């Protein structure tokens, strides 16, 4: 009686979330898959024809944006690791009693809406903004120097918006390292650089891995930063999908692109997991 | 290599072995800053640990023993004073450049490396040739009985096995000294006793100086060549286990090492090197006294519980040359090989007496019995002379 109860308990716990996922994830996915294989227009309606050519057409029409998105996503991720690691390292090893306050500061931007934050970046980076106009007046930069509308602005915005997602998992991984393990490395003749390379970094890898997952995927499919901070030269695939859905009402193309993006990202993530050899990493990350 | 200044220093300090001591502290002080206040962790300490010695730092938590060890390892720097390894001044030399290795309390194995990689870590840092590393790792794993475990990760091993890996990881480097920070603390009693014996064996085999930090006096007594008993940042006594047990230098040492009965009293007279402390006409404590002891001095005397004979009725005549205290049994605890009595004595102090259960099974005293405690003069020990 009790055993039986114990056996069902986990399933009961999963049930609410499971139902939620089924209704709001699985069902829309199936609907979208079907939509991507339909033909028609918004006026006359869409019907299912199994027209898979939408995929090939969409890919060839928007491959530039797909590539660009992946590259922006990748650059963003690399920059994030470079920026977030020292921050996380500092908080974990030198934060002392102020750890909580530092983490709060990292999270502080979350208290402002994503779009609003990005728009305020636009105010900062604009040609007449507080950053560029003094520099131009001082003659440091030329009249034709812009930041807004460039890939730099878009990637900058992405980095800014996703920074906490990289800092937190790396912090958690570093925080879990037993300080005595670090001392053991020092005791065994490792200088600070070697200690970092052979002990601290490998032990922080699960955090980096989690951080990459949490930033590369949303950064690659982001549609806000390029919209607000970029130009037509920086259009990302997320923007295209949004435009196809909302502006052009080309649901099949938008759906097909969504699936392509999802597939590319999934393949990317799994390859990445494979290369890092990562059953271990996955296991550690899951702990 | 040795500077003239250092030779002078060495000449002043008492080296227990020929040549330079393996480890030497000269006037070492260590203060910590806590909430803007200076807290002394180790107060002015001079210490020399001999080559190949099994040396224990023993004391309660917070006594400074771990700080002392960490200063040898190079994880802490003394606020004042100097640390020497094999006669070389290593004060200010960082941990990775010191030729000592440590076995950490929780082993601190590298969780991402397997046994082989853990043990090879130090040798790789020292740029030892690959084949040589393989040979030495194999050799040391054999000494700690872990052959065949090379591929195991720390997670896949028991506490005892992890302990051995930690030991091997340190010993494989053939350090000048091995530092062990309460290495057996996490093991259960049986494994612990087994590892104590094994540690002694390994130390004999490799012949390296061991510095062993522990709060377990039994462990320190059984394993060490010499023990430094620390309290509140000071070495209260330094000596062989026997010296420390038989002749505790302070009330703290007497209480911390084993069980001691401590009585105090004023000297009635000094006679033939013995001081006599009388409490009543019959109750007296006789103690070998230092030259400086005079009539009327206040003394603290320590007596080990197993040295005391317990008699019901009148004390036997042959014991009358030594100490005699009458008292009442307040507690009897039967321990199998011995019986422990607590006796409220005429000297005012409660005494603990360990009575061997040899053959006198009916000799057992009961609670409330009137008894006499006697012991020979040499078993009284003046604390702090």
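Any Cβ shown, glycine's included, is placed from N, Cα and C.
Because the structure is a prediction, the values reported are computed rather than measured.
Annotated features in TrEMBL:
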type: DOMAIN; residues: A:66-272; note: domain 'ABC transmembrane type-1'
type: TRANSMEM; residues: A:12-37; note: transmembrane segment
type: TRANSMEM; residues: A:70-95; note: transmembrane segment
type: TRANSMEM; residues: A:102-125; note: transmembrane segment
type: TRANSMEM; residues: A:145-174; note: transmembrane segment
type: TRANSMEM; residues: A:195-217; note: transmembrane segment
type: TRANSMEM; residues: A:254-273; note: transmembrane segment
Candidates A:70-95, A:102-125, A:145-174, A:195-217; stretch with most C-beta pairs under 8 Å toward the transmembrane segment (A:254-273):
A:195-217
Report the listed stretch (A:70-95, A:145-174, A:195-217) having the maximum count of Cβ pairs within less than 8 Å of the transmembrane segment (A:102-125).
A:145-174
Taking a Cβ cut-off under 8 Å, which residues six or more beyond the ends of the transmembrane segment (A:195-217) line up next to it in the same chain?
73-74, 76-77, 80-81, 84-85, 88-89, 162, 165-174, 176-177, 181-182, 185-186, 265, 268-269, 272-273, 276, 278, 281-282, 284-285
Excluding the flanking five residues on each side, which residues at least 6 beyond the ends of the transmembrane segment (A:145-174) place their CB within less than 8 Å of a CB in that stretch?
72-73, 75-77, 79-81, 83-85, 87-89, 91-93, 103, 106-107, 109-110, 114, 117-118, 121-122, 125-127, 131-132, 136, 200, 203-208, 210-212, 214-215, 218-219, 222, 224-226, 228-231, 233-234, 236, 285
